[in-house]
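First the structure, in the form of structure tokens, and then the observations on it.
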Amino acid sequence: MEATGQSGRILLVDDEAAILRTFRYCLEDEGYQVTTANSALQTESLLQRQVFDMCFLDLRLGDENGLDVLAQMRIQAPWMRVVIVTAHSAIDSAVDAMQAGAADYLVKPCSPDQLRLAAAKQLEVRQLSARLEALEGEVRKPSDGIDSHSPAMMAILETARQVAATDANILILGESGTGKGELARAIHGWSRRAKKSCVTINCPSLTAELMESELFGHSRGAFTGASESTLGRVNQADGGTLFLDEIGDFPLTLQPKLLRFIQDKEYERVGDPVTRHADVRILAATNRDLAEMVKEGHFREDLLYRLNVITLNLPPLRERADDILTLADRFLARFVKDYARPARGFSEEALKALLDYQWPGNIRELRNVIERASIICPGEWVELAHLGMSAPTTNSAPRVGADLSLEELEKAHIAAVLANSETLDQAARTLGIDASTLYRKRKQLGL
Ligand SMILES: Nc1ncnc2c1ncn2[C@@H]1O[C@H](COP(=O)(O)OP(=O)(O)OP(=O)(O)O)[C@@H](O)[C@H]1O
């Protein structure tokens, strides 16, 4: 959720009707949405039902102590920026309030300009922190663009650009590492939602309980450890896009709530009965066969139909021969720059190997191979030996006790188990680790 430009949501808390009226007029003139409350009780109930970006709080609220109201606000809406309004004679309590988490204070009487300036300043901070929250977890090297010269991929990109403009939910299918996440972000970027956030959730990394609170947020005390209320990713993605990565691992027990959200755009935070609304476009991706999962009872058919209004099937890299060398060149250029290395290109033999290889790990594997090569290549030309690709393709399986690092052995073992398993869950069971750990290791090791 973002407070954009003059569209911030402001709460005014004061027990003097005249002050509420003057402040309200002044701030509404600026285009802000203003809501007022004249008591602690009214404030608490408003915060339960509505989301505000900032608040002007009078510390003297009749018999009630504004500091208590502030403490309650910090719990119910920790994201909200609070500006204390105080009389000059009570400046000490403003200092206490700043220590208790208020963002700023204004001394009464204050001019309209001071009020407007204080609002603009806090809303800007709120907007920046909302943006930062959305970017967290998405911190990665910028993509070099996902254009392609391979006919299969070009057709997919054309469809993707067309449907990006609509609000249709899109299901992106493809083997691991084919660029599903990259395509999802590109679709968001081509859509009318581009100025709002594209929020990603990695489904396998969360249990059903954590996923519910991550998606929809929770109220304080909803479960052990929930010491503060949170807004949830759905709220963060309001007006933008929610990308559910590895949707095949979305907990079955939570699927009805996701379905309801997709159908009605309505949801509740964990531990909070208030129904909320968010305008979110859903993109989902998986490398699993969802139709098969439906048959096995692991995925809801009605949810699948909601998600796959449009399906985009990304081809594996081995079927994008026209792109292998372009991508390899781009990755090399990027990594030699990042690591300040001398390589400028590939030897003939290396180029041939890149084209001949089957790339089971797709673009992610290509990226990792080139990253490593760019580091170990001492001269201008990356040779076959620097690519280190022969091990996984030949039968020379690494031997326990051979001259190998633990990581190389682990990578080879996990790759072999994955190749022999029908599902990720089965591979995780064989390896004796849980599916989310395997998911992370795959990414980390470039498998
Ligand atoms: N067209 C592209 N240009 C440059 N890099 C790309 C491109 N497509 C994908 N990548 C890179 O390849 C890696 C894998 O991409 P991504 O995570 O999008 O794949 P994925 O299909 O979602 O994988 P998984 O199914 O394992 O989640 C990432 O490092 C990504 O930045």
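Yeah, the Cβs are placed from backbone N, Cα and C, and that goes for glycine too.
Here is what TrEMBL says about this protein:
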type: DOMAIN; residues: 9-123; note: domain 'Response regulatory'
type: MOD_RES; residues: Asp58; note: 4-aspartylphosphate
type: DOMAIN; residues: 146-375; note: domain 'Sigma-54 factor interaction'
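Across the domain 'Response regulatory' (9-123), DSSP helix (H, G, I), strand (E, B) and coil residues number 58 helix, 31 strand, 26 coil. Here Asp58 (4-aspartylphosphate) comes close to Val13, Asp14, Asp15, Glu16, Ile19, Gly66, Ile84, Val85, Thr86: these same-chain residues lie at least six apart in sequence, with C-beta atoms under 8 angstroms from its C-beta. In the predicted model, the domain 'Response regulatory' (9-123) has a mean pLDDT of 89.
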